[in-house]
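Notes follow the structure.
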């Protein structure tokens, strides 16, 4: 990843302004430790902090077209840049950077080119010929982007909030899949896939098509000139990423430079479930596996830094970000600059626990659509910022545009959890990689139900966080919470503690509005709460009782129903206590 | 390098204090991006930010003795750690870290072990048995260390000023070669080499002994588990480092891990003398050479950051630090974590221009002693902090303890610049490596007189800095300088500009006093100004006229065998001459 900051039309060309922009850009230095650049044109500034993954020697930014009339600062990877270059035979390229193609595409096609890009990106492009600019963000929001407005009439665009929050009167999250054009000053959605309307698709499930689409998504992401690895928690998603990567690594350019040995990384408290599961997968795949152990104290000591970097007060995100943040530092210390990670699968395939309760395929599908649309505020935010904090780039093959199109066009009937048919969560994905001849993973791993991330790192992690928060937040403080934080009021001491830290770094009203809130059951959207009458009726903000009902619904002793026969059900029962522990906090955020 | 921060006896063991110390320690994270650690014992805190060079997997700090009763946080490299371990047979070591030996040595020998360490280091050691502590800094001050006192009775130590300046009532630069003991309550010098008294030595010059000592110094410094390189400006000192490192690399352990190809690095403005000279040396040695070109604008854009990192307002140091700072970022982005560098040779051998005027060998020798004692305020400060800003470690073989002993033991008659005998500056060093059978360097390089660092990167650099400062500092501002800055008053606009930036980051009186000032001619100490009546009589603070006389003195002497290259270069480039003189203004020593 890189860090971008653009200040456009600030009516100030002074040295002092330049120095200020440089200073703000340095706040994004962790994202791009390798080099920095600033292009100034009149009262427009385009700054860049670079993490060099492709063409480390010559790709410093900002980038230009031939006559330097078009300037672009980009955070991203354009996986199809070679193909796009070929389509621009009369253009002369200055660097080997994959992002340079953006300047040339704009020159050739105007603003309509964004959907031609296959990859992850946020960019600001300045056309000095008429002093106009555009900014755009990738389809799902894998790369972060914020937009703000100054009292001087300036427009600000930055990879992280900290690059603009002190200098803008108002700022907000730049919506994913959108383009902002200075001509007219409006957003326009450039990303228009069939699933976006939330209409119910009817394409029958074809496991081989899904498998192939995922393989292609992974292969694209092996484009790198620097050492890389995979994040391996031992769950289905990360194990598939590792299995497919190791299968295709040998033929790639990266292997020529850095060898065909795949490195995998896992973090956890000593003896944690993830460490054990990941080691098993790594041994099966034969990767060079790196285990990182952290202590609860290490994690707690990092919390402030994590909140500063991730820019959220969402409890689940902070819990899950912290181990990832710690691991990223260790990964970077080994000289690895890029990792492939498994985010997005749970959203596309309805992998969360509460999907068991989806009343019908229509509701199931709409909920997956809503989850994918919200990814940029949760898992994408976490995966990108937790790694970028240490100059590490995370790539997420499950969020490949073409793969999403395939996965979201499957008739959702197939995604429904049907214990009677032996279909556990994400069955369509598991089935797609269930190859008897040439197995990607052993069956028991392929069909294993895994802990959620924060739980998998070790059960005492969440307990430790809660105990720590309880030392900082008194009962009295909680009583006044709704007056102190009327928006997204924290309802647990843990949430209150995170919120205090967040407010210290980002005191503006705009900042707190960038973080989502609202009712939720175990990671569900607010809409899905309607799935179970007891969920919405339950006013206990911790939602523990609601989830208890949910879990016990599978408990054969409590509710002897057809649901209890599936493998998934049995496992849930076995892990009842943990599931409740993990889920409770998601329920805590209510507006 | 790593970053250390220790707070001892602050009478506060609260969680709030802990997070404050974590926050302060993070200000040193650039020095140790790989991991961090904090040990808390009652109201004593030892924090560490680690750059992993030796034993990356297990050597996280703080480090302990067997029963954890002794805790130590170290920034440094102990080159003889294996030998010391062998002496501590009864001790059980927990890690492979070279620094762990410090905890065990203390256990074995008490406070008197410091002189047994061969290397560069700053450390704080806490003995929890009686809650006493010691802190020490290496002989020459290659690693930085500051010491401060809080109003709460606490004693603070930090690798850089920025970690303690906000929380201490007063702080100082910790003297090199000293140890502070809480039991004895004061600073005591542990480093007592024969040359320290400044008595004139009488050992005849033995070129082979000098060569051998330097080779040993370089070989020791090849101890690393990570990729490394050599900073190569193409001058005598860096060329010798590269030549010797190359000769011994194949036999070193590091070559087995990272190959026997030596990487060399050089920075300059486009077409600069250094780039050309370094390329020539690299070609001769057959190193894998990396050239970095920067623009004046890039340098200027980095100035505030450079001053924040280097923590000085000394004009010469800032000029020379900036290219080194930029280069370090590029070096780090290539995955290189350690570099060998040529600092110290000019001080030990009297390599500066003004040594031509040394009246006799006694004065010559005393001046070299004074220069070495002041190194920690100038070149050591620059070399360490400019590289550490990006998590790169600089090792300086010329400042090896044994090498200094040998080099400073030579009858200074041999070091004197004697044009009549064909001896130019640093002749004893050049002659030591003048091996006709098996040449280290071609003769013309071995006997070449090089630009000073800031000049070598390109003549436009200093001009650019001055122009930039002129835009920021008006005549009126400079006129009031003695009222605004009564201590170490800046006498040029450039100095004023740097000072104003420094004061913004470090507004306290104590901060300003850590930077040396006083009269100087072209890098001389205040004492050496007496060498030429014209120098001390000259009221022009820039010393311009004084140096002009100096240069002219050689111009009148037509014996071209000697240092005429120097004089002609000065005459041929009046701009450069001015530069050298302005350097004189802000440079001096605290001795």
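Cβ atoms here come from the backbone N, Cα and C positions, even for glycine.
Given the structure is predicted, the values throughout are model-derived calculations rather than measurements.
Record features, source TrEMBL:
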- B:2: active site, for GATase activity (ACT_SITE)
- B:98: L-glutamine binding site (BINDING)
- B:231, B:267, B:341, B:342: ATP binding site (BINDING)
- B:2-185: domain 'Glutamine amidotransferase type-2' (DOMAIN)
- B:343: site 'Important for beta-aspartyl-AMP intermediate formation' (SITE)
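Structure coloured by features recorded in TrEMBL.
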residue: B:2; record: active site, for GATase activity; Cβ contacts under 8 Å, 6 or more apart: B:31, B:32, B:48, B:49, B:50, B:51, B:61, B:74, B:75, B:76, B:159
residue: B:98; record: L-glutamine binding site; Cβ contacts under 8 Å, 6 or more apart: B:54, B:55, B:77, B:78, B:79, B:81, B:119, B:223
residue: B:231; record: ATP binding site; Cβ contacts under 8 Å, 6 or more apart: B:238, B:241, B:264, B:265, B:266, B:324, B:327, B:339, B:340, B:341, B:342, B:394
residue: B:267; record: ATP binding site; Cβ contacts under 8 Å, 6 or more apart: B:274, B:275, B:291, B:292, B:293, B:294, B:323, B:324, B:326, B:327, B:330, B:457
residue: B:343; record: site 'Important for beta-aspartyl-AMP intermediate formation'; Cβ contacts under 8 Å, 6 or more apart: B:237, B:375, B:379, B:380, B:382, B:383, B:394, B:396, B:398, B:399
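Taking the centroid of the Cβ atoms of B:231, B:267, B:341, B:342 as the ATP site, the other same-chain residues with Cβ within 8 Å of it are B:230, B:232, B:233, B:238, B:265, B:266, B:324, B:327, B:339, B:383, B:394.
The binding-site residues in question are B:341, B:342, and the one with the fewest Cβ neighbours inside 10 Å is B:342. Each residue in the domain 'Glutamine amidotransferase type-2' (B:2-185) has a pLDDT score, and their mean in this model is 95.
Mapped onto three states, the DSSP output places residue B:343 (site 'Important for beta-aspartyl-AMP intermediate formation') in coil. Under DSSP, residue B:231 (ATP binding site) is assigned to a strand (E or B) in the three-state scheme. Secondary structure at residue B:2 (active site, for GATase activity), taken from DSSP and collapsed to helix, strand or coil, is coil. Secondary structure at the residue listed as 'L-glutamine binding site', taken from DSSP and collapsed to helix, strand or coil, is helix. Largest Cα-to-Cα span within the ATP-binding set B:231, B:267, B:341, B:342: 15 Å.
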